[in-house]
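Reading through the structure tokens given below for one structure.
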Amino acid sequence: MRWLTAGESHGPALVATLDGVPSGVRITTETVRDALARRRLGYGRGARQSFERDEVRLLGGVRHGATTGAPIAVEIANAEWPKWDVVMSADPVPPEALLVDAGTGDEREVARNRALTRPRPGHADLAGMLSYDLAEARPVLERASARETAARVALGAVAEAYLQQVAGIRLVSHVVSVGAERAGGGHAPRPEDAAALDASPVRTLDPLAERRFVEAIDAARRAGDTIGGVAEVIAWGVPVGLGTHVQADRRLDARLAGALMSIQSVKGVEVGDGFAQAALPGSRAHDEIVRGPDGRLTRTSNHAGGIEGGTSDGEPIVVRAAFKPISTVPRALRTVDLATGGDATALHQRSDTCQVVPGAVIAQAEAALVLADALGDHAGGNSVAEARRNLSAYLDRVRERA
Ligand SMILES: Cc1cc2nc3c(=O)[nH]c(=O)nc-3n(C[C@H](O)[C@H](O)[C@H](O)COP(=O)(O)O)c2cc1C
Ligand SMILES: C=C(O[C@@H]1CC(C(=O)O)=C[C@@H](OP(=O)(O)O)[C@H]1O)C(=O)O
């Protein structure tokens, strides 16, 4: 499978395509809309999420509620477009339309029109302006913005439907820490917990952590600051054998790590016990292979997070992404104004305080896309029925041996 997105944060729409999905995956506009609504949830978001409506249209690859095998194309319109049609116009606009004080006198319009020449430390602004030889940061932030993740989540919804309908694989995501506050052990969320996780403002099943996470986000906001955290994705029902040990770029752990790291503001990724495993002796770090009560091979633990040798080992896949605190800090950081060359404080417009709750949903979508791709590699097939037959024959053989 291959996927791409396009579109600017304040442009008319985002678009995304997903190529390689077989025919017969049941999805509707509602499937995608639900996933996008989940991405908008979450404590710590800024003003935009309260009015952004994510108007979805399936433009190709789906007919009468099922995929056709053709590339899937999705459009997500931006609710705010009418306010941005001059600043973000694809075609030339008269120069006077962009004069800072030529509009209605509305302060927000003035802010929209002003050239963004004070790059934010931690955002893509400075590196993007220099790399693309741009006089201001507008074109950079428009595409660097995590608004683009709406398009990825739309595709992730298709990937999740495929995974579930071909192989019974289901994913959940939750927040395991906000700033220095961590959720307690508790049980690992299962697919049945999805509604409870959606209902939590900070996407956790731990009620005590929920309170501490909300307080930590409130404290950051009151201090004119931002706060990050860690999200975890668990994929249940993944058969042994997705990914491979034979080629570096096809290793499942490498692909999942790359996919999670590609999410804006993710700066660390773990598979299974990840960094903690580096501190353990080998005798305690691995998952011993034993015969279960039914005589089948099983594991005594899941430190590996369901992947050994770049290949799924049949245990739940557990991956984690660490989100840095958002870089548009209300208490703005020092920078240099590239228009004047003088010292300045970084540009600041409305911004989120914490992104880890939607971050978990985005990480789930990224993991789903990678797993769908890996399942496609293994099961193949131009239709869901063919993929199921192939998978079933493979799993019969696995059962014979394990
Ligand atoms: C869901 C989500 C929401 C985000 N919201 C903001 C925001 O409101 N303001 C901001 O400066 N950065 C926000 N970010 C992070 C920036 O997009 C990101 O830091 C920037 O693109 C630079 O990329 P990098 O941090 O990966 O290096 C958000 C990230 C995610 C995942
Ligand atoms: C719009 C979304 O997230 C945006 C991500 C983002 C950034 O810099 O990454 C900055 C903010 O955009 P704006 O400046 O328009 O308020 C967030 O709202 C979204 O997730 O749908």
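Yeah, the Cβs are placed from backbone N, Cα and C, and that goes for glycine too.
A quick note: this is a predicted structure, and the numbers were derived from the prediction, not measured.
As annotated by TrEMBL, NADP(+) binding site applies to Arg39, Arg45. In the three-state DSSP classification, Arg45 (NADP(+) binding site) falls within coil. Neighbour density for Arg45 (NADP(+) binding site): within 10 A of its CB lie 19 other CB atoms from the protein chains shown.
Residues or ranges marked as FMN binding site by TrEMBL: Arg143, Ala144, Ser145, Gln264, Ser265, Gly309, Lys324, Pro325, Ile326, Ser327, Thr328, Arg350. Under the DSSP three-state reduction, Ser265 (FMN binding site) is assigned to coil, being neither helix nor strand.
TrEMBL lists 286-311 with the feature region 'Disordered'. Remote same-chain partners of the region 'Disordered' (286-311), defined as residues 6 or more beyond its termini with a Cβ less than 8 Å from a stretch Cβ, comprise 235, 238, 240-245, 250-254, 256, 270-274, 277, 317-319, 399, 402.
The compositional bias 'Basic and acidic residues' annotation in TrEMBL covers 286-297.
Among the binding-site residues listed (Arg143, Ser145, Lys324), Ser145 have a CB atom closer than 6 Å to some atom of ligand 2, in sequence order. Under the three-state DSSP scheme, Arg143 (FMN binding site) falls in the helix class. For the binding-site residues Arg39, Arg143, Lys324, the largest tally of other C-beta atoms within 10 A is found at Arg39.
With a cut-off of 6 Å between Cβ and the nearest atom of ligand 1, the binding-site residues Arg39, Arg45, Arg143 reduce to an empty set.
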